[in-house]
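What TrEMBL lists as domain 'Gfo/Idh/MocA-like oxidoreductase N-terminal' is 48-140.
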Amino acid sequence: MNIQKKKAHSLSRREFLGTTAAAAAAFTIVPRHVLGGTGYTPPSDKLNIAGVGIGGMGKGNVQRCSHENIVALCDVDREYSARVFKAYPKAKVHTDFRKMLDEQKDIDAVIVATPDHTHAVVAMRAMERGKHVYVQKPLT
């Protein structure tokens, strides 16, 4: 009978350190967006937001969403809203929300902060185009 004894394989200190170092190095090579984690949002997970009526109350609404991509700003009074336009230089500037919604297909959501009697008109137009909408009350 030929019986071979199998030697139990124990992990040497050198092998342990090598394996641990390789595993630790993997986390430095893998890009941050792959690992994810708390407090990190990959660029592809950010919303493309447009603001309509951004001179008064809308300015604050847009500022609260500044961690997202502000891609379009619309206000009929360019002079009054100039500060907001300058604060978001990458956003396209519009004075007509209808043109904005027709031309910019990359918008995911619209913030509506126009005068009360125009909330519904702007919100309906945005929703007809499949956009998510945040509207200040009242919606009449």
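The backbone N, Cα and C atoms fix where each Cβ goes, glycine too.
No curator has checked TrEMBL annotations; they are predicted automatically.
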For the domain 'Gfo/Idh/MocA-like oxidoreductase N-terminal' (48-140), residues assigned helix / strand / coil by DSSP: 34 helix, 22 strand, 37 coil
Mean of the pLDDT scores, which run from 0 to 100, over the domain 'Gfo/Idh/MocA-like oxidoreductase N-terminal' (48-140): 92
